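Listed features, source TrEMBL:
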type: BINDING; residues: K5, A6, E7, L8, R9, R142, L143, G144, R145, G146, G147, G148, H149, Y150; note: ATP binding site
type: BINDING; residues: V54, E59; note: substrate binding site
Amino acid sequence: MNASKAELRAQLLARRRERSEAARWQDAANLAASLPGVLDSLGADPARPLCLYVPVRSEPGATPDGSLPLLDAAVAIGRRVLLPVVTGSAPLDWAGFRDRGDLVPGPHGLLEPSRRREGPAAIASAGVVVVPALAATPDGVRLGRGGGHYDRSLPLVSGSTLVVAVVADDELLPELPVEPHDVRVHAVWRPTAGLIGTA
């Protein structure tokens, strides 16, 4: 692996920006429609919370009009959804989500839930934690945006929690640069190609 993480991030973000609005709508619709099957495939306990995130800009699941099909789908099937709250350099905090009215602007232009914060340890109660990624590998290496928020938060998950990275269909790569602090994911979820477990 010759390219640095910074170089790869720049390349992947540039490629994402080239995606058409139609493709972004389709990705968002596919992720929302496939959520029940993905959770079934993972054997997710419906009694445990589902940690999601609000996709932004060119991330898979983000829509041109700012609607939130994946989050709405999770609520529609009765899942208790927790969303991250950025708290500086600390691990992510978490708060519940029921509808778009729960969201307020947070740092970095992100939308965050306004409900009562449940603390960084709330991630340990989740059955599944879905995380953003710019790319991932079949063996679970995830390339994030470089803020380190998830690298600080994922070590708090319980041993029975499954971590799933969402990437575009062409962002499952054979290899990525990896560092000792990088936390691997258990599965990679793509809008059209679906879910693959990592080895």
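Backbone N, Cα and C define each Cβ position, glycine as well.
Over all protein chains present, the Cβ of E59 (substrate binding site) has 20 other Cβ atoms lying within 10 Å.
There are 12 other CB atoms within 10 A of the CB of G147 (ATP binding site), with all protein chains counted.
When Cβ neighbours within 10 Å are tallied across all protein chains shown, the highest count among the binding-site residues K5, R9, R145, H149 belongs to H149. Secondary structure at R145 (ATP binding site), as computed by DSSP, is coil.
Cα of H149 (ATP binding site) to Cα of V54 (substrate binding site): a span of 14 Å.
In sequence order, L68, L71, L83, L103, L110, L111, E112 constitute the residues six or more apart from V54 (substrate binding site) in its chain with CB-CB distances below 8 Å. Binding-site extent for ATP: residues K5, A6, E7, L8, R9, R142, L143, G144, R145, G146, G147, G148, H149, Y150, maximum pairwise Cα distance 20 Å (rounded to the nearest whole number). When the alpha carbons of R9 (ATP binding site) and E59 (substrate binding site) are compared, the span between them is 13 angstrom. The distance from the Cα of L143 (ATP binding site) to the Cα of E59 (substrate binding site) comes to 13 Å. In this structure, K5 (ATP binding site) is part of a helix by DSSP. Note: the CA-CA distance between R145 (ATP binding site) and E59 (substrate binding site) rounds to 11 Å. Nearest to E59 (substrate binding site) in space, judged by Cα atoms and limited to the binding-site residues K5, E7, G147, is G147.
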